[in-house]
Amino acid sequence: MLRFAVTLFAVITSSTCKKYSCLEGETHKLKPSPEPNMQECTLYSESSCCYANFTEQLAHSPVIKINNSYWNRCGQLSKSCEDFTKKIECFYRCSPHAAHWIHPNYTAGIQSVPLCQSFCDDWYEACKDDSACVRNWLMDWEWDESGVNHCKNECIPYSEMYVNGTDMCQSMWGESFKVSESSCLCLQMNKKDMMAIKYLLSESSEESSSVSSSEERACQKKLLKFEKLKEEEGGETR
């Protein structure tokens, strides 16, 4: 009994530390807190790892750059592609849960964050006709002395740079993201994430590489309830 209690305490403590801390990037807070005046990334306004003034860079379309990283080296992103790129940027900069997937060798980075297949496919569809000159947006740029990014190669369409949504999700941000085998225990960068994160945070480190069938069933059940509730709310507003 004592061993169980000690083990349970250790699991809860570890989960709590990850849940209520932020990544250690230049723009990250030490701990998440409310940011009611966010202009973008409002999904995380109740508990944010970024300050509201950071989101000013994302508030106006087209987005030119974030800090010293230019988004328009191959022309302005289409609005649909930009919207998905913002979702990823917002998660990394502002999500209070990103630190759950903190990179073991780089505390400002993330590793193997599970994205839903549908999200990756939609992201690819939104960006396939846009152009890029790097495959890995974290590592493949040429950086000048001022820390500004430049292309090393010619610009080509996303549809040529990446084979499909899976390839794009698992390549563009290096090893930051992976496509989940589950359609529920994964992130879509919307309000449904709060439900999925509840189950993802409860997974032990030993189970992190595989999907727990009991958690999958519980998540799917919650997802159905969530979607039914949203449909009912939509009907009431018509």
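Just so it is clear, glycine is given a Cβ too, placed from its N, Cα and C backbone atoms.
The following features are taken from Swiss-Prot:
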SIGNAL    1-17  signal peptide
DISULFID  Cys22-Cys49  disulfide bond
DISULFID  Cys41-Cys90  disulfide bond
DISULFID  Cys50-Cys94  disulfide bond
CARBOHYD  Asn53  N-linked glycosylation site
CARBOHYD  Asn67  N-linked glycosylation site
DISULFID  Cys74-Cys155  disulfide bond
DISULFID  Cys81-Cys127  disulfide bond
CARBOHYD  Asn105  N-linked glycosylation site
DISULFID  Cys116-Cys186  disulfide bond
DISULFID  Cys120-Cys169  disulfide bond
DISULFID  Cys133-Cys151  disulfide bond
CARBOHYD  Asn164  N-linked glycosylation site
DISULFID  Cys184-Cys219  disulfide bond
MOD_RES   Ser204  phosphoserine
MOD_RES   Ser205  phosphoserine
MOD_RES   Ser208  phosphoserine
MOD_RES   Ser209  phosphoserine
MOD_RES   Ser210  phosphoserine
MOD_RES   Ser212  phosphoserine
MOD_RES   Ser213  phosphoserine
MOD_RES   Ser214  phosphoserine
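Sequence features, as recorded in Swiss-Prot, placed on the structure.
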residue: Cys50; record: disulfide bond; Cβ neighbours (10 Å): 25
residue: Asn67; record: N-linked glycosylation site; Cβ neighbours (10 Å): 11
residue: Cys74; record: disulfide bond; Cβ neighbours (10 Å): 18
residue: Cys81; record: disulfide bond; Cβ neighbours (10 Å): 22
residue: Cys120; record: disulfide bond; Cβ neighbours (10 Å): 25
residue: Cys127; record: disulfide bond; Cβ neighbours (10 Å): 26
residue: Cys133; record: disulfide bond; Cβ neighbours (10 Å): 18
residue: Cys151; record: disulfide bond; Cβ neighbours (10 Å): 15
residue: Cys155; record: disulfide bond; Cβ neighbours (10 Å): 14
residue: Cys219; record: disulfide bond; Cβ neighbours (10 Å): 22
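Recorded residues Asn164 (N-linked glycosylation site) and Cys50 (disulfide bond) have their alpha carbons 31 Å apart, per Cα-Cα distance. Using a 10 Å Cβ-Cβ cutoff, Cys41 (disulfide bond) registers 25 neighbours. The 10 Å shell around the Cβ of Cys184 (disulfide bond) contains 22 further Cβ atoms across the protein chains shown. Taking the glycosylation sites Asn105, Asn164 in turn and counting surrounding C-beta atoms within 10 angstroms, the largest count is reached at Asn164. Closest in space to Cys94 (disulfide bond), of the disulfide-bonded residues given as Cys41, Cys120, Cys151, is Cys41, taking the CA atom of each residue.
Of the disulfide-bonded residues Cys90, Cys94, Cys186, Cys94 has the largest number of other Cβ atoms within 10 Å of its own Cβ. Look at Cys22 (disulfide bond): DSSP puts it in coil. Within the same chain, the residues at least 6 positions away from Cys116 (disulfide bond) whose Cβ sits under 8 Å from its Cβ are Val179, Ser180, Ser183, Cys186, Leu187, Gln188, listed in sequence order. Taking each of the disulfide-bonded residues Cys22, Cys49, Cys169 in turn and counting other Cβ atoms within 10 Å of its Cβ gives the largest count for Cys49. Comparing the Cα of Cys90 (disulfide bond) with the Cα of every entry in Cys50, Cys120, Cys133, Cys155, Cys169, these being the disulfide-bonded residues, the smallest distance points to Cys50. Between the C-alpha atoms of Cys184 (disulfide bond) and Cys127 (disulfide bond), the distance comes to 24 Å.
Of all Cβ atoms in the shown protein chains, 12 besides its own fall within 10 Å of the Cβ of Asn53 (N-linked glycosylation site). Geometry remark: Cys50 (disulfide bond) versus Cys22 (disulfide bond), CA distance 9 Å.
When the recorded positions Asn53, Asn67, Cys120, Cys127, Cys155 are ranked by how far their Cα is from the Cα of Cys133 (disulfide bond), Cys155 comes first.
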